[in-house]
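So that you can see what the record holds, here are the features copied from TrEMBL:
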type	residues	note
BINDING	95, 97, 101, 144	Zn(2+) binding site
DISULFID	40-193	disulfide bond
CARBOHYD	133	N-linked glycosylation site
């Protein structure tokens, strides 16, 4: 039997009020749910407070990274500046990248491990010690690793790279062929801010 249209019409205002009430309840409940926020902080200010900038290990044990001035966060086009702290005894991954890199050691001491880019694999790395107030440069595509070889004090470095954002190739060990190194792009600290359609890239 078909429903009586007059009964449906008479019940419509009550149903509408009920549905409106349900809608308000859903909106109120949703306002208490956590909202996923991007950790990408875009800031084109001329002066920025480093202590207020996002800092994270990005899943790399013993590392603390801040992008002080970056391509994706701050609109830099030619260089990018990082502040990194490496805990005692910890190392960066073995890696190379398609940009130049300059380190200034602000605090602590450590060892730069440099492999060969002229062989088919990095090979036995050179161990080059460095200490506070020294600087060192990494040529394009030279495999390397920064090691805080001090067992007691953090190593803090200011890092400047060219051609940001960095395209980083990761190695499992020093005997891994260059052709087997895995490209990680965007790198972990650029992932939240990366836009595939970004014109500047």
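Placed from the backbone N, Cα and C atoms, the Cβ positions cover glycine too.
Caution: TrEMBL annotation is automatic and unverified by curators.
Looking only at Cα atoms, residue 101 (Zn(2+) binding site) sits nearest to 133 among the recorded positions 40, 133, 193. Apart from 95, 97, 101, 144, the Zn(2+) site neighbourhood in this chain, defined by C-beta within 8 angstroms of the site C-beta centre, holds 96, 138, 142, 143, 166, 168. Counting only the Cα atoms, the space from residue 95 (Zn(2+) binding site) to residue 193 (disulfide bond) is about 22 angstrom.
Counting only the Cα atoms, the space from the residue listed as 'N-linked glycosylation site' to residue 193 (disulfide bond) is about 32 angstrom. Less than 8 angstroms from the CB of residue 40 (disulfide bond) sit 72, 73, 192, 193, each of them six or more residues away in the same chain. Sequence-distant contacts (6 or more apart, same chain, Cβ under 8 Å) of residue 97 (Zn(2+) binding site) comprise 140, 141, 161, 166, 167, 168, 169.
Within the set of binding-site residues (95, 144), the lowest number of other Cβ atoms found within 10 Å of a Cβ is recorded at 95. Around the Cβ of residue 101 (Zn(2+) binding site), 21 further Cβ atoms fall within 10 Å across all displayed protein chains.
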